[in-house]
Amino acid sequence: MSIVTKETIEVTAQSIGITNLSPEAALMLAPDVEYRVREIMQEAIKCMRHSKRTTLTASDVDGALNLRTLEPTYGFASGGPFRFRKAIGHQDLFYTDDREVDFKDVIEAPLPKAPLDTEVVSHWLAIEGVQPAIPENAPLEVIRAPAENKIYEQKDAPLVDVRLPVKHVLSRELQLYFQKIAELTMSKSNPALFKEALVSLASDSGLHPLVPYFTNFIADEVSRGLNDFRLLFNLMHVVRSLLQNPHINIELYLHQLMPSVVTCLVSRKLGNRFADNHWELRDFTANVVALICKRFGNAYITLQSRLTKTLVNALLDPKKALTQHYGAIQGLTALGHNVVRLLILPNLEPYLSLLGPELDAEKQRNQMKSYEAWRVYGALLRAAGLCIHDRLKIFLKLPSPSPSFLHKGKGKIINAVPRKRKLSADTTENQPPHKRLITADGPDGLQLQNHTGPAPMPVDKPMGNYNLTQNSVQPSSSQQASDGNESESRNAKEKEGGKGRAITRKAILSQIWKDDLDSGRLLVKLQQLYGNRILPFIPSTEMSLFL
Amino acid sequence: MDPEQVDEFVMGYLKKKGFNSAAKQLQEALHHNNGGNFNSTDYHNDPELTKLIRSFSQSENDPTRYRDGYSKLRSWAYNSLDLYKHELLRVMYPLFIHCYMDLVGKGHTQEARSFFNSFRKDHEMVHLRDLQKLEGVLVPSHLEEMEFARSLRQSKVNIKICQYSYDLLLQYLHRTESTLMLGIINEHINFQVYSGQPNSSSDDIDAVTIVGSFQETADHVNQKEIQWGLLEDSLEDRLEKTGSLLTDSEKGQGEKDGDMDDSKKRSSEIGKQGSSIKKLKKDKAGNATAKVARQETSTVSPAPRVKPELALPVMSTDVEESILEDLRNRVQLSSVAMPSVSFYTFVNTHNGLNCASISHDGSLVAGGFSDSSVKIWDMAKIGQAGNGALQSESDTNDQIVGPNGRRNYTLLLGHSGPVYSATFSPPGDFVLSSSADTTIRLWSTQLNANLVCYKGHNYPVWDVQFSPFGHYFASCSHDRTARIWSMDRILPLRIMAGHLSDVDCVQWHPNCNYIATGSSDKTVRLWDVQTGECVRIFIGHRSMVLSLAMSPDGRYMASGDEDGTIMMWDLSTARCITPLMGHNSCVWSLSYSGEGSLLASGSADCTVKLWDVTSSTKSTKAEEKNGNSNRLRSLRTFPTKSTPVHALRFSRRNLLFAAGALSKPAS
C-alpha cells in the first residue's frame, strides 16, 4: 500500500540488530517511516532550490537532516549525482553502483590532479539586444530580426500583431569577416593567411548566418572563374572548410553548392595555363564530393545516386574530353570501393578498348592527348587497384600464410617466400630488354616536352609505357596495384631528377619492380586463396594490365 | 412514526456506536414490553426516511462509502453541462482531499491510499505540490502534526459558484442521498453564490490556493492602504533640476536631455495615476530612484534626514555626483532599444556555487559557496576580456584584489554552513552574506574582513538584501520569518511573521517603506517596515516563489516561481496583471531596467529573457475594462551555452549584468 512496506521495516530492524520486532509494530511503523522520509525530502528539496540547483544531492539531504537536528548521513557526499542501477528481475528496485576498490590500485594510482580553482570569466551575452556569435555563446539556430515594432508602439491603434517579414540582418562583424575571407580567396597572394582563414572557417561557431553568402559567392566565382585555376582551388578549400565546421548546418545550401563542386570535378577545362595542375584540383574536389556524400548521404538518399549518375554519364560519353573522364573516375573512386566495383569495373573493358588507341604512342601523335589518356589510365588503374586492395583487406581476416605481409603490402619483400622471389626474379629477367627499349625512347619525349611545359607529364609516360610493354611481353603473374600516392611520389622524384634523370629513373624502376612484385604476389595470393570467387574481379583488372 | 420504529433506530444507533450492552438492555426491555412483537414492526410507513436513517445507522464506518460517493459525484460532474462543468469540477478538489483526510483520520490507511491513487490524476495538474505533501500523511497523528493538513481541516474553502451550478449540485446530492459528500461540503466548503452566468474557466486563480481561511485574510489585508510612491527629493529630481545647467556645460548631451524630458513626463504621468488611485504623497520622481541612493554609514555626514518612515542615511557628495553622472549617461531602453548583456560565468565551481551577486555598478561579483566561503571578484581588474563590459561603468571604486597573488579573488571565510545569499551595499563597500549556520555576516570589501555577525534567525537564512539606500537590510529564513536589520545593531529591528512556510526571498520596495517576501506557501506578501504589519498578500503562484523584483517606479512587482512562471503584480490592488510564461524551470533572478520598461529574468533553463513590461502596463490601463490584460510579451531570449542564470542586475546606466555557474550538461 505504501512505498515503505512492512518487510522493509523488518529488514531494516534486523540490520540494526532488533530481532524481536513484532509484525504489528512493523505495520505501525511503516506509514510513519514513509511520512518522515517524505518530510526530509521536502526539506531537502528546499535546500536544493536555495543552492540554485535542479538535481538533488546527498548534501541536500544532509542539510535537511540538519534542519531537523538529526545526524547527517555519512559516506555519500562524494559530489556529483549517484549512478543507480536497476536490480535485475525487479521492476523498481535500484541500488547504487558501488564497486569494490582494491587497495593496491588506490595506492599505486598516481596522485589525482588538484581541482582547478574557481574563476569568473566574462563575455557579452548580447550587445544591444543581439547575441554576438562568439564561442562563449550558444550557437544560434535562427537569426531573428530585431524588433522593428513601431506598430506596437502606437498606443491607441487596435492591438493587432502585425508580422513583419523576417529581415535577415548581418552584424557588422560578420560582414567584415565575409569580406576578408572573400578577399583572401580571390587574392591568392597570401597562402599562410589563407590557411589561417580556412582553419577559422572550419572551426568558428556563429558563422551560420554567412553560409548563404558563402554558397552564393562560391557558385558565382566558380561559374566566372573557370579559367582561374588558383581561385578554383581556393574555393574548393573554402567548401571543404565549411563542410568541416561542426557549427554550421550546411545541409540547407547543398543544392546550391553541389553544381559548383561537380563543375570543379568534371569540367572540360579548369584553368587556362598549361602549367595548371588541374589534375590535383580534380583529386581534391573528388575528396570533397566524397566528404559531402559521407555526411549527407544518409539524410538525402538520392544525393549519391544522382551524383554517381552524373559521373558515370560523363565517363561513358566518348564525346567528352579525357579530362572529364578523369574527373569522373576520381569522383567515383573517392566515393568508395563499392561504387568502383559497381560502376567502373563493369565498364572497364569497353572503356579501355576505347582508350587503347589514345594510349598508343604510335597512333596518337598529339603528346597532350596521349598524356591525358595516360592520366585517365592511371586513374582507372588506381580505382581498380584500390578496389582489389580493399577486397584483399576484407579477406585478410581469413587464415592465410602471411597475413601481415598481405596487409602491409609494399616494401616487405624481405619476408617473401622463395617461390615469390623466384617469380620476381623471373620478371626482372624478362623485363630488362623492353624496359631499356622504352627508356631509350623516353628521353626524346621528355626532352621534347620539357620545352613546352615543365612538370609531371614525363612521369606517367614512362610508367605507362613500362606497363604496356611489360604486359604485352609477359601476360602473366604481375599486376600493378597502382596507388595514387605512389605515382605522386614518383612524380616528385622525377621532377627533382633534372640532369641525373637516368639515375632517378633507375630508382623509380626499382621501385616499380617492387610494386610489381608486390602486386603480383597479391594477385597470386588472391588466386590461391579464392580461386573462382575472385574471378569476377580478375578479368577486368587483368584486362587493365595486360591489354 | 410509531414508537417501535423509533426504538429500532435507537437500537441501530447504539449498535453502531458500539454501546452493545446498552443495546442489549434496550432489546431486552423491548422484548419485555412487546413480547416478540419487535420483528413485526412495519418498516415501510415512510420508506424514504427509513432508508435515510438506516443509512446513517449502518454504514458510517464503511470506508468504501467515500470512494463510492466521490466517484459518483465525479462522474456526474464530468458529465455535466460544459458551461457549468468547470465550476463543478472546482468543488471536486476540496472534496477529494477531505475525503482522503477523513479516511486517514479514521485509520483506514489502505483505503485512503487506494482512494488517493485512483483519483490523484484529476488534480495533479494544478495541485501537484499539495498532493505530494498530503501523500505522505498515512496515520491520524500525521494529520495533527502536519501544519498544512491541520490548516486544511480547520478552515473552509471559498468557492465562487453561480446560482445554477449551485442548484445543480445540491439537487444531485439530495437526489442521490450522498449524505457523506453533502456533509463534507457543508463542513469545509463555503460557497459564494452569485447570480448570472458562470465565470470563464481561466479565472480560477482562487481555486488554485486552498490554504485555509487565507482568502478572507488576504482580502482583508489587501484593503489596507499602501503608499507605493517614491521618496521625495530623490536624486533624479535633483538631476532634473540641475539637468539644464549640466547639459549646457557638457557637449553632446542633447540626446540625454531628451531622455530626461521623457522621464520627467512619465514621472508626472505616474504621479497623476497614483493620486487618482491612492492618496499619494507628492513623491514625484523619475524612474530609477531605486538605484539612486547609494550611501553608507561609513561615508555619510552625521545628520540623517527623516524620510517618510525610516531614518535614511545621507550620501556623500562625491558618491552623489557619480550617481548623477551615471544617471545622465543612462541608456534609454525600450522594446526597440535593447540592453547589452554582460555575462559573468563561474567556472570550476564543482557544483558548489549557491548564489551569486553583482554590485550595483557591475564591477564586483560575489559568489556564496556550499563550502561556507564567500568569494569576491573584482571584474574591473580581472582579465581584459571583462573590460568591455565595464567600460561604461567608470566607477572609481578602489577595491582591493585578493591578498594572495595567485588568487584573483578575495576569499572571505567565517560562515560554518553553506552560504545561501550575498548582497552588495549600493556603493559596493560592504557585502552581506547569509548562511545555513543561521547567521548573517557583514564584510568589508575594503578591509576584506568580517565586521559583524548578526544572529537572530533560528534556522538557515535563505536570503538577505540591502535596502536601496544601504544601512538597512532584510533577511528571511526557514524559520518562517523575515527580519529587518540595521548595520549598527546586532539584533533585528523588526520581525515579520505570518508566512505559513519558509520565506524564500525578500526584496525592498524602492521607497524603503516596504519589503516583499516570497515563500514556499506560494504567496508573496508585502510588509510595512515601520509597523511590521503585513499589508498585501499576493496569491496566484502554483509553487514556491524564488525571486522578486520591484519596478523602479514602485508601482509593480514581479515574482518568479519554481515552475518558471513569472507574475507581475500591481501593488495597490494586489492583483496579478499577467503571468509571464516562457521559462520552463526555476526563475532564479529578476531585474527591472533603470526606467522600468524592461524586465529581465534568469532561469535554470539556461536562458535570460527580456520582457516588455511597458506594453503590458499600458495596455492594462487601457484595456482593464475590456478584460484583455494579457499583453505582456517576451522580447528576447538569450540562451547561454550551459549556464543556469543565478543573478541579474541592471546597472544604473542600464547595462545588464548576469552571472551563473557553468554546469556540464546532464548526460
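One-based numbering along the chain as shown.
Yeah, the Cβs are placed from backbone N, Cα and C, and that goes for glycine too.
What TrEMBL records for B:60-189 is domain 'TFIID subunit TAF5 NTD2'. Predicted-model confidence for the domain 'TFIID subunit TAF5 NTD2' (B:60-189) is 82, expressed as mean pLDDT.
What TrEMBL records for B:243-304 is region 'Disordered'.
Summarising the annotation, TrEMBL assigns compositional bias 'Basic and acidic residues' to B:248-269.
The annotation repeat 'WD' is assigned in TrEMBL to B:346-379 (among others).
Residues 291, 293-296, 298-299, 319, 354-361, 363-364, 366-376, 395, 397, 399, 450-466, 468-470, 473, 475, 477, 485, 487 of the same chain sit 6 or more residues outside the repeat 'WD' (B:412-444) yet have a Cβ under 8 Å from a Cβ within it. If you look up TrEMBL, you'll see B:412-444 (among others) marked as repeat 'WD'.
The repeat 'WD' annotation in TrEMBL covers B:454-488 (among others). Sorting each residue of the repeat 'WD' (B:454-488) by its DSSP state yields 0 helix, 20 strand, 15 coil.
TrEMBL lists B:496-537 (among others) with the feature repeat 'WD'.
Among the features that TrEMBL reports, repeat 'WD' is placed at B:538-579 (among others).
The feature repeat 'WD' is assigned by TrEMBL to B:580-621 (among others).
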Long-range Cβ neighbours of the repeat 'WD' (B:580-621) (under 8 Å; 6 or more residues past either end): 263, 266, 273, 286-288, 290-291, 327, 330, 332-335, 338-339, 341, 343, 546-553, 555-556, 558-568, 570, 628-629, 631-650, 652-654, 656, 658, 660
Long-range environment of the repeat 'WD' (B:454-488) - Cβ separation under 8 angstroms, sequence gap at least 6: 289-297, 310, 312-313, 417, 420-427, 430, 432-442, 494-497, 499-508, 510, 512, 515, 517, 519, 527, 529, 532
Residue distribution over DSSP helix, strand and coil in the repeat 'WD' (B:496-537): 0 helix, 24 strand, 18 coil
Secondary structure tally of the repeat 'WD' (B:346-379) (DSSP, helix then strand then coil): 0 helix, 20 strand, 14 coil
Composition by DSSP (helix, strand, coil) of residues within the repeat 'WD' (B:538-579): 0 helix, 24 strand, 18 coil
